[in-house]
Amino acid sequence: MVNYPNLKKAPANMSIPKKSTSKHYTAFRGMSLEEDINLSNTYYLSVDQAVIYKKPTPIQIVKVDYPSRNKARIVEAYYQAPSTTDYNGIYKGRYIDFEAKETKSLRFPFRNISEHQINHLARVSRHGGIAFIIIAFTSVGEVYLLDASIMVERFFHDKKQHISYDEVKESGHLIKQGYQPRLAYLDVIDEFYLKEDTL
């Protein structure tokens, strides 16, 4: 065996690490759902396909240190509860607003999303915007787009307080994963929300 680029031979007793057989959707990339969406949005912006941004999380500044006039330093701050959802923007003239969540289990517990976020998605839908939630089931390596109307209905009327992987698979739309974009969620929007617009 020869090692490139220095052409030295590898020791005969060297063990080769085994590949992981994990099916986690980001197992080999070390990425989170949020990072994949951010990279997808950067790609969509670079090819002038859509303008979608992550909303910053509001921060409450508690204490500022002023060692000198021009060197103010924040020494204590806390994240506030986000006021609405993670992402918003525009695509083909339509307003888009969505939340992104990951779960390691085969169900998405409603405690992972707040009531004010659900209410916000309902308002966006009611006013003609495209509202949804992207859910990554990391244990099976799949990511789904679930329309806000389904999530709103389940959140307020389901006693189980969760939605299962099978239910999301049946009611939602599988998002294709790739290189660019990482998550092709605009393809799902074209198919599910904008199909009539192209006829």
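Keep in mind that glycine also has a Cβ here, set from the backbone N, Cα and C atoms.
Going by what TrEMBL states, the Mg(2+) site holds T84, D86, E99, and the candidate of Q60, Q117 recorded there is Q117. Of all the binding-site residues listed (T84, Q117), Q117 sits in the most crowded Cβ setting, with the most other Cβ atoms within 10 Å. Ranked by how many other Cβ atoms sit within 10 Å of their Cβ, the binding-site residues D86, E99 place D86 at the bottom. Following the DSSP three-state reduction, the secondary structure of Q117 (Mg(2+) binding site) is helix. T84 (Mg(2+) binding site) is 14 Å away from K101 (site 'Transition state stabilizer') when you measure Cα to Cα.
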